[in-house]
Amino acid sequence: MITGLLLTEQVTEQVTEKVGEVLEEAITWKDRIWNWFTDAEMWQHVLFASIKIILIFLITRIFVRVIYKVIDRSLDRREKSRLQMNPRRLVTVGELLKNITWIASNLIMGMLILGEVGFELAPLLAGAGVLGLAIGFGAQSLVKDVITGFFIILEDQFAVGDVIQTGNLKGTVEIIGLRSTRLVSWTGEVHIIPNGMITNVTNFSIGTALAVVDLPFSNTEKLEDSLDLLKKAMMRLNENSEEVAQAPNVLGVQSLTTSEYVIRIAVECSPSVRTSVERQIQMYAKEALEEMETLRLTSVTEN
């Protein structure tokens, strides 16, 4: 019985010690948390750092907008100067300069914010230098993309707003970036092409194109009547369409067989609307033929 009492006392003492240790640790943590919340110097540092980060962000955004305005005004003055530049190139150069400004500004902003948060920038920059050398050996395609992008602009191969085809992709140039070019097809698909992959380009927006349509007629139709009919239809097309600067030229008989003859119609237009102009030529010709057929049937009925 005495032994049992001794064991009970030992257990009680151990439990008491453990409870005391837990209470002391809890009090210690409570003091630490309280000290952390009541540390005026720490909160002052957090407040100042937050204000600096907000100022860095706002100044960066303002700086980017100011540079954008400067670029736009410089290009406007350049466009109105005596030494004229291609407007397409001006737009493209402006987009490229804005792209460079945005990347550089955000990179510097990120580094400044990291410095305010507490990161040491010196080791970070040193590590970035070593990492840059390592990446350089594996980033040959990236360098190729950037260099090709500059040559595309300098040689004025194409510009923003041009309709081009490279490989199997065709569309309107929306953006020429440092690394890639973005095309939007006429059906709405967006193609992002690395500049280094652009080797052969067909530009449909430079110079003028020739819209050509061949229309077959039965040999039972008089040639003179067919020519007059088409000339009148093309005059109406010129009056109603903004895509042609002059009436399409009815060239005459292009080919002849025992059953039909083919009359060719051609007109100069912008390369980007050539397909549309060809469709309009066929549509106006078809409407004229339908009108002629209606008049013929009316005449037969009256007789």
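Even glycines carry a Cβ here, placed using N, Cα and C.
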Feature coiled coil in TrEMBL, mapped to one of the ranges 220-247, 276-303: 220-247
For the coiled coil (220-247), sequence-distant contacts whose Cβ falls under 8 Å of one of its Cβ atoms, 6 or more beyond its ends: 253, 261, 263, 265, 267-270, 273, 276-277, 280-281, 284-285, 287-289, 292
Cβ-Cβ under 8 Å with the transmembrane segment (89-115): same-chain residues at least 6 beyond its ends: 53, 56-57, 60, 63-64, 67-68, 71-72, 75, 78-79, 121, 124, 149, 153, 156, 159-161, 175-178
Long-range Cβ neighbours of the transmembrane segment (46-68) (under 8 Å; 6 or more residues past either end): 98, 101-102, 105-106, 108-109, 112-113, 116-117
Structural state census, the domain 'Mechanosensitive ion channel MscS' (142-205) (DSSP three-state): 16 helix, 24 strand, 24 coil
Local confidence of the coiled coil (220-247) - pLDDT mean: 88
